[in-house]
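Worksheet for the structure shown next.
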Amino acid sequence: MKESTESLNFIEHIIEEDLANGFPQEKLRFRFPPEPNGYLHIGHAASICLNFGLGEKYEAPVNLRFDDTNPSKEEQEYVDAIKRDIAWLGFKWANECYASDYFQQLYDWALQMIKDDKAYVDHQTSEQIAAQKGTPTSPGTASPFRNRPIAESLDLFNRMKNGEFPAGSYVLRAKVDMASPNMHMRDPIMYRIINAHHHRTGDKWCIYPMYDWAHGESDYVEQVSHSLCTLEFRAHRELYDWYLDQIYDPSLLRPKQREFARRNLSYTVMSKRKLLELVQKNIVSGWDDPRMPTISGLRRRGYTPTSIRKFSDLAGIAKRDNVTDVSLLEFCIREDLNQTATRVMAVLNPVKLVITNYPEGQTEILHLENNPEEANSGSHEVPFSRELYIEQEDFKEDGGKNFFRLSLGNEVRLKSAYIIKGESVVKDAAGNILEIHVTYDPDSRSGSGTEASERKVKGTLHWVSIAHAITAEVREYDRLFLDEAPDAHEEKSFMEFINPNSLNVIKKAYLEPFLANATMDSKYQFQRLGYFTLDPDSKNGHLVFNKTVGLKDTWAKQNVQTPTQAQPKPQAPAQPQGQKKALNEIQQIGKKLTNLSGDKLESAINSIKVFAEEVSYEELEALFDTPAKKVGTRIAVMLALGVLLNKGQAKTQAALDFILAGKADENELLRVEAEKLN
RNA sequence: UGACCGAUGGUGUAACGGCAGCACAAGAGAUUUUGGUUCUCUUUGUCUAGGUUCGAAUCCUAGUCGGUCAACCA
């Protein structure tokens, strides 16, 4: 049990309220109900962590129930993968259940419903049924078979079950309300005929229940107290309850459905259909490609169960649409791996370094701390010699004052080894650097305790001894999509946003020999580079490492704008939408203004100016007394005022006062914009 | 032009009528044999307009915006 001081999500509030109203805690029961037609992804993890987390919190059983009511889409392979992923996340289900376990019970209940005149067999095409359904704004019309005699429906239903009819010819429909404003209540289909082999029931059945008919009743059979699903099922709730009404025994627990928002992640897609498309079009190598947001992909990438559970915990559960920033996920894995990963050295883009005053042929064994975050993690041996590889990035002939790495005439520390000084470079005819020549301070060996070893130098580099290094293939990954929400564009397919450079393979990286014994489940930090883990593609003698995530890199951030990241996005559509009032847009953009810089700021300012074209002076004047605290809004109003003045609007006293106040404001941008209006 | 659901910093999420908080992200500094970690500090928010109230993010009304709903999918 967690402490009560912790904040609760709305589901937990509901449970607490039920408990407070006398619902016995021992009757609490949850379930995670995947359809075995695809792999689990990070969005499912939210639901898994919610349901199983509730189980842990309230010491209640959680069933794993496969919603296997459609044999034409579902496969055993997916059942196995789903079980593996949930177990890997560290959750234990109370029972492994299948909706198909309840086919007989469901059939018996359906029979009862026909006898109660609550269901009938329809004999029309799906097009006819769809046409009669009406639209959300107009009621439906009854099927000509709606009042078929009970005995006839009973007979037909029996013959449907016996396989006397072809697929699609007959359906069993609930008799609810064709005029209901809720489309799901307009005589929903309960059973359809499907002639496909079911992964568990084989060929025993040729009629299969629909989701709505199977799901609530399965919850009821399992006595699930709180049936949690995603928001798009909100409209199904009425039907969920209606079906329960038909078969409910008041001495038993009655399940209740609640809906929460599905979890979206930035720079990826989360629907099984789209993920499948990536697999089928060979954009990725499979469901477990390390760039995929699937649980299996994340596992292969090097994510840990701890990190994914932490992510679900931090991201939380609520009812509004969301796109969680992928940086939160990255934070979670860094936090975990920082505590646990073994520190090693590897050079991905090598350049040769020669220590000219180090004896030729000499080798020293030095010691590298396994994990500075863990006191008792010990150390491992790393060989040192006269000729080393360092990263190309770590050397510049003339680095400048902010470059803490190796340059000519400057000193740096070789991690866990000696302090060296850049002396000269050897280049080829084209000017490419072939070798960097340095001298070392023999008294400066790490851990030797000498005065020289304690000297402070600006930078520390990782390195490997050329003679001792082993080689490996290293795969670096970037986000799969260039857009923050690739599937949120109505006019464009998510496929148009695929990042062509999401995979970078380094065929030959040099690693310290310690890594020859790397195992599949160990996690490593290649020092100064990031976290890495072995890929299952590794074979004897050919190591393949996946980069899980880089270290935070404040150096890179100051320097380069990495092309795939931080795509400046306009803060508002270029053309005013017309729907929302231009003034509202200006206020909205203004609020965020002080938080922006560079391209984003410029784009926001331009948007404000565009919207300002449609604003009247009277509207704008009302915003002159915006509180000084809301400086962003004031800047936006100032910008808009500028546009109006340009169009010939006279400077009223109110405008003059507003400009004057702006010129005296603490905020620089506001002052600048106010000055411009003089 | 319907019904239902939703709207709190850049992002995610708390605050059940009583000090708008936490995390990520961003920025500044300190420490550092990883430009990592750690530590300190900072910026940024209740969709709009009314109403109820001593007091509203919270309750009410209206509006705006977003989402969902018309598979023999789940």
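A Cβ is built for glycine as well, from the same backbone N, Cα and C atoms used for every other residue.
Under the three-state DSSP scheme, A:GLU35 (ATP binding site) falls in the coil class. Per TrEMBL, ATP binding site is recorded for A:GLU35, A:PRO36, A:ASN37, A:THR230, A:MET270, A:SER271, A:LYS272.
Per TrEMBL, L-glutamine binding site is recorded for A:ASP67, A:TYR211. Spatially close to A:TYR211 (L-glutamine binding site) yet at least six residues away along the chain are A:ASP67, A:THR69, judged by Cβ distances under 8 angstroms. For the recorded site, A:TYR211 (L-glutamine binding site), the DSSP three-state label reads helix.
The domain 'Glutamyl/glutaminyl-tRNA synthetase class Ib catalytic' annotation in TrEMBL covers A:27-338.
If you look up TrEMBL, you'll see A:341-441 marked as domain 'Glutamyl/glutaminyl-tRNA synthetase class Ib anti-codon binding'.
Taken from TrEMBL, the feature domain 'tRNA synthetases class I (E and Q) anti-codon binding' applies to A:460-535.
Confidence annotation: the motif ''HIGH' region' (A:34-44) carries a mean pLDDT of 97 in the model. The motif ''HIGH' region' annotation in TrEMBL covers A:34-44.
For A:269-273, the entry in TrEMBL reads motif ''KMSKS' region'.
Local packing around the Cβ, expressed as the count of other Cβ atoms within 10 angstroms, is greatest for A:ASP67 among the binding-site residues A:GLU35, A:ASP67. Across the motif ''KMSKS' region' (A:269-273), DSSP helix (H, G, I), strand (E, B) and coil residues number 2 helix, 0 strand, 3 coil. In this entry, ATP is bound by A:GLU35, A:PRO36, A:ASN37, A:THR230, A:MET270, A:SER271, A:LYS272, whose most widely separated C-alpha atoms sit 18 angstrom apart.
Packing around A:LYS272 (ATP binding site) is summarised by its Cβ count: 19 other Cβ atoms lie within 10 angstroms of its Cβ, all protein chains included.
Secondary structure counts, DSSP: the domain 'Glutamyl/glutaminyl-tRNA synthetase class Ib anti-codon binding' (A:341-441) has 3 helix, 54 strand, 44 coil.
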